[in-house]
Every structure is written in C-alpha cells, then in structure tokens.
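Feature annotations, courtesy of Swiss-Prot:
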type	residues	note
TRANSMEM	8-28	transmembrane segment
TRANSMEM	44-64	transmembrane segment
TRANSMEM	76-96	transmembrane segment
TRANSMEM	142-162	transmembrane segment
TRANSMEM	184-204	transmembrane segment
TRANSMEM	222-242	transmembrane segment
TRANSMEM	289-309	transmembrane segment
TRANSMEM	326-346	transmembrane segment
TRANSMEM	352-372	transmembrane segment
Amino acid sequence: MKTSIFKSLYVQVLTAIAIGILLGHFYPELGAQMKPFGDAFVKLIKMVIAPVIFCTVVTGIAGMESMKAVGRTGAVALLYFEVVSTIALIIGLIIVNVVQPGAGMNVDPSTLDAKAVAVYAEQAKDQGVVAFLLDVIPGSVIGAFASGNILQVLLFAVLFGFALHRLGSKGQLIFNVIESFSQVIFGIINMIMRLAPIGAFGAMAFTIGKYGVGTLVQLGQLIICFYITCILFVVVVLGSIARATGFSIFKFIRYIREELLIVLGTSSSESALPRMLDKMEKLGCRKSVVGLVIPTGYSFNLDGTSIYLTMAAVFIAQATNSHMDIFHQITLLVVLLLSSKGAAGVTGSGFIVLAATISAVGHLPVAGLALILGIDRFMSEARALTNLVGNGVATVVVAKWVKELDAKQMDDVLNNRVPANKTHELSS
C-alpha cells in the first residue's frame, strides 16, 4: 500500500516540498544553492508550452464545423475575464481597508532602500496598454516560439487554425501531422513531470534558505491577510460560480490537486499550463475552448494577481502614512484594470505591475515597494494557486455558456465514476 501511495505524483511533490522547507530552514546556505533544480524544471516546462498551445489551438479550431463558434467563445471568455478580475480587484481593496495590515507601521519612505526596487521600477516603465497590444504581434513566427510569448504563439495558432480550416479536405494531411505531433509533445510532458518533485524541492529550499522564516514573521499580517482573502475568493466567489455552472469547487480542486502542488512548489502557474490543457479537455471541455481560454486566461484572468495588486498598493499607503481617500482608491482601481492586463503575460510580473501602478497613481512612494520586496516571493504561491483555479473554473464556465461542455463527462470524472483519461464523445 505504501509503495502505491508514493508512486503518486501528488504525494511525491508534497514530500519534496516538505523536505525543501526543512532543508532551507535548518541549512539555509545549502538550501539557497538548490535554486538550479527549480529553475531547470520551470525551463523544461516552458520549453514545451509554445508547441503544446500551438497544437491544441490549431487542431481545436481546424476541427470545428463553424468559425463563428470561435469568435463567440473568445468574446464570452474576455467578458468573463473582465468581470471576475474586476471583482477580485474590488475584494482585495475592501479587505485591505477593513483589516488595515499596514496601519501603525509609520514607515518613513526616505529611510527605505529605493535602489532595491529600482530595477522593477525601470521595467515597469515599459509596461503599458499600447505596448502590450503591440507586443501581441510577433516580429516573426520563429521569434514568437523562441521567446515563448504565450499571446504571440496564441495569435499565430489562431490564424493558422483558421487558414487550415478554410483548406478543408486539402489540409487534412497537415491536420493529422499536427495532431500526431501534439501526442508526441504530451509524451514529452509526461516525462518532464516525473521531475516535478525535484523541481518543487529545489524551488522551495531556495525560497526558505534565501529569505528565511524571519521575513514571514516581520510582515506576517499582510501575508496572512492575503492568503485568507485568496482562500475566501476561491471558496466563495469561484465556488458560487462553479455551483451555478453545475459542479463543486472542492471536487474540482481535488481533480487538479497535482497541478496545484506543482504550482505551490515552483510559484509559477505556467508550470502547470501544459497539464491543465490536457486535464480540462479530459474533464469534458471541447479542445477548441480549452485552447483559447486557458492560454488567454494566463494574461487576462489572473484573479490572485488582481487581489495582490490592490492589497499591496493600499498596504504601502497605510505603512507609509500616505493619504488615500475614496477618489484615490477609485483611481487606483481604474489604473489596475488596465495595468494588470498590460504585463500579465510576463512570468512573475506581479511586482512589476505593482511598480507600474504606483508610478502611474503618483501619490504613493515608489520606495515603499521595498517594504514587500522580501515577502513577494512568499505571496507568489497564493497568487499562482488562485490564478490556476480561476482559469480552470473559467474554462468550464465558458465551455458551458457556448454549449461545448460534456456535462456527463465532467460529472463522472469529478465524482470518480470514470477515469479522467476516458472521454465521451461531445455532441456538436
């Protein structure tokens, strides 16, 4: 029995995270040296993200009967993203005003090390809506795949899928080749995922060894407040959306538990992207919907990042005694509605977006970013986990709204009545 338990990726990753925490705490110098293991795993995952998105989107679109369905799916997805991410921003704003984790700190901004955040402030200057939209268009197809820019690859894949669909029977050979290539890529992903425990161990050992548990204690109130808010958002907001769509958020979380642990260990929701594409399709969502919603959601539907941005900005104001009345906070909300999309496609961009927002708002000290620089790494876990669950729920919701969801398949899989690797034929 024990052997079968430890063959589970879920248990292996959980054990690796625990060992990483212990090593980082008791042997911090050694723990900090484990960083290459985490970096290597994330790089391996990033290596296959572009081809898996391309194959999934192309075969999904080219295999559809009507191209109008693709446009409808995209429009519904963007509407959902905007509404839910706005709710996340507002919830973060309300909670941080009620709890006030930064009140009483009385930090003088002039005493903070502005140099520590200078690099983030500099990067933030390049993050704008126009720059973001232009960046979606790749300089070359090869460049899009080489850089691993999700939105650039997605744009090319959508255009390729449309063009292949228009070829009709003439494009069948190309379609078959891409579908076979997709199976090869998922085979590579299965091999890479065997290294997930090593990657999670290295990333967690580095985090604890580098920043220490002491960092958590110093600004613990903000961290606890943020984690509780993320949990409430998942259970209450996403839970209500899930219930209205016909499934349990808790059963869904159990279904993607391995992906959640991988994200917890690496602090990167991108590390689970390839597996999420596969799992959401096996859950009963049509491939074309999964291929559009998941990659787009990684830029437009980052609920955890939205909560973090409003909470962190107001926390800095509270800690530095910077006055923020209701008009300032509404301005902050409006700016975040734009800036949170402007850099969301960049991995680990939460801190950069925060720097861009504070610079744009104007009346908050940029040096105040130094207050949360040390704990940002610890908050990234909650951000990434919430983002992952949010994108999974979004995929099911959009699939149901556009009538591309096999409800029976979803119900059977979530209730363990049928293995997730068995799928029913989805009716058109």
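Every residue, even glycine, has its Cβ placed from backbone N, Cα and C.
Using a Cβ-Cβ cut-off under 8 Å and counting only residues 6 or more beyond its ends in the same chain, the transmembrane segment (289-309) has close neighbours at 53, 56-57, 59-61, 70, 73-74, 77-78, 80-82, 84-86, 88-89, 91-92, 150-151, 153-154, 157-158, 226, 229-230, 233, 238, 269-270, 273, 276-277, 280-281, 336, 340-341, 344-345, 349-350, 353-354, 357, 379, 382-387, 390-391, 394-395, 398-399, 402, 404-405. Only sequence-distant pairs (6 or more apart) were considered; of these, at least three Cβ pairs between the transmembrane segment (184-204) and the transmembrane segment (8-28) are under 8 A, so the stretches are in contact.
Away from its own ends, the transmembrane segment (44-64) comes close to residues 70, 144-145, 148, 150, 153-154, 156-158, 160-162, 164-165, 171, 175, 178-179, 181-182, 185-186, 188-189, 192, 195, 199, 270-271, 273-274, 277, 281, 286-292, 295 of its chain (Cβ-Cβ under 8 Å, at least six residues beyond either end). Highest Cβ contact count with the transmembrane segment (222-242) among the listed stretches 8-28, 76-96, 352-372 falls to 76-96 (criterion: pairs under 8 Å).
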